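> Sharing the record's features from Swiss-Prot:
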SIGNAL    1-20  signal peptide
TOPO_DOM  21-460  topological domain 'Extracellular'
CARBOHYD  43  N-linked glycosylation site
CARBOHYD  67  N-linked glycosylation site
CARBOHYD  93  N-linked glycosylation site
CARBOHYD  139  N-linked glycosylation site
CARBOHYD  152  N-linked glycosylation site
CARBOHYD  179  N-linked glycosylation site
CARBOHYD  239  N-linked glycosylation site
CARBOHYD  264  N-linked glycosylation site
CARBOHYD  290  N-linked glycosylation site
CARBOHYD  311  N-linked glycosylation site
CARBOHYD  378  N-linked glycosylation site
TRANSMEM  461-481  transmembrane segment
TOPO_DOM  482-512  topological domain 'Cytoplasmic'
């Protein structure tokens, strides 16, 4: 096994990545948007984080004779293109004593090896994100329970994926004992750990769950790495009410942990269901072959599934000509231009990704959130530049400058704006890249980027000018002394004559 990870696996991954290059690559803007969404949710419990996903069975070549390397490369490409949840259908081959992905010749452990390679390659502050693997067993496997009880399922998981990356039931219990778990109302002994702690403190990446068949396994297998079916709220599109039309409906849904919605969706409806608080599991196959007609379709599906805040072409610190002209027509107290600030663009007639780039010096109202209540909003009566958002008087008493951090919060904001009879409005939200270009962060206009050290140009000039002046003076002094010589050499012969004359007058011997 060690030899596989040290030699065979890296070579396979390299060949797989070469083959994966036929997939359409993400733009820089798409990468910034995905990272921005992750960072917005750092203090959200992991059970409330939207996890774009699909049924793996529907996305792989549907033949038992399909090329294994090609299928594993497809899985790796899906991971690299932002898929965070997989419904994995498993079947147990009694004669081989092995678990396989249903309908394929791919061993489950090989699929886990692929996930492990991806996790190792992306285990950085910039790229790390949570993954969920939801396991479902076919009917033949469920009927063959006696043979399965002899198999050590936990050993299969540990063979395929490093246990250090897996968030276990014991990890959850420990975090609850340490008061490190959250609900929508703050710390809770029945909640889940926040995304930031999950990724960067306890350094986990993967959550396993059973969708059925947990009773097939021994107690050791049940109580170790895989959470039981009752942990997850897994439903189909026919069993929900959407859209949510009141804050009460939103609060009711938010009490449900790990919400997954399985269905055959069109990309135009992804945001509609995301704002109902569900992680989507697509059952309709996404054609991953990148011929001239499929590449654009795949990109459209992925961007619509992954993004609920920014458009796929934002953020990029630039605006197109139409947006630029819109800003020039708006009122502004300054001639300066800085497209580094986030605004929410609300239109009652379109449920589009609402975040956009705005000129920080433009005058707009501010979005205000009530204390620590996730779903209560207000729009300030006063307008101002983004840099004035630090003014405590901008928001009503009890409110502070805010931003929607989940699709559910975004839906609650739309409900508030609709109740206020607002048809069309742009307003500032608490997200910007002022400190470092394309590092989109919250915390007001003076927040610093966690990924890059920053010093303002003004402060840099203030620090370097005195040093430069002193260095210049010292340089001039050096040049002066090199140019104007002190006449020590010229007087040496004269001194020698004086000393010789004095020596002649001296009396040799001891004076009497």
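Just so you know, glycine gets a Cβ as well, placed from its N, Cα and C.
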> Sort residue 311 (N-linked glycosylation site) into helix, strand or coil using the DSSP assignment.
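Residue 311 (N-linked glycosylation site) sits in coil per DSSP, no helix or strand.
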> How big is the gap, in Å, between the Cα of residue 378 (N-linked glycosylation site) and that of residue 179 (N-linked glycosylation site), rounded to a whole number?
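So the alpha carbons of residue 378 (N-linked glycosylation site) and residue 179 (N-linked glycosylation site) sit roughly 31 Å from each other.
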> Which is it, of 43, 67, 152, 264, 378: the one of these glycosylation sites whose Cβ has the most other Cβ atoms within 10 Å?
378
> Tell me which residues of the chain lie with their Cβ under 8 angstroms from that of residue 311 (N-linked glycosylation site), as long as they are six or more apart in sequence?
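Once residues fewer than 6 apart are set aside, residue 311 (N-linked glycosylation site) is near 33, 352, 353, 355, 356.
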> Could you tell me the C-alpha distance between residue 139 (N-linked glycosylation site) and residue 152 (N-linked glycosylation site) in angstrom, no decimals?
20
> Nearest to residue 239 (N-linked glycosylation site) by Cα, among 43, 67, 179 (glycosylation sites)?
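Ranked by Cα distance from residue 239 (N-linked glycosylation site), first place goes to 43.
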> If I take the alpha carbons of residue 179 (N-linked glycosylation site) and residue 43 (N-linked glycosylation site), what is the distance between them in whole Å?
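Cα-Cα, rounded: 14 Å.
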> Please state whether DSSP places residue 239 (N-linked glycosylation site) in a helix, a strand or coil.
helix
> Based on DSSP, name the secondary structure state of residue 67 (N-linked glycosylation site): helix, strand or coil.
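Assignment for residue 67 (N-linked glycosylation site) reads coil.
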> Could you check which of the glycosylation sites 67, 93, 152, 264 is the closest Cα neighbour of residue 43 (N-linked glycosylation site)?
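Nearest listed residue in space: 264.
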> Check residue 139 (N-linked glycosylation site) against DSSP and tell me helix, strand or coil, would you?
helix
> Roughly how many Å separate the Cα of residue 93 (N-linked glycosylation site) from that of residue 264 (N-linked glycosylation site), to the nearest whole number?
29
> Measuring Cα to Cα, how many Å separate residue 264 (N-linked glycosylation site) from residue 67 (N-linked glycosylation site)?
26
> Here are some glycosylation sites: 93, 139, 239. Which one has the most Cβ atoms within 10 Å of its Cβ?
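That would be 93, with the highest Cβ count within 10 Å.
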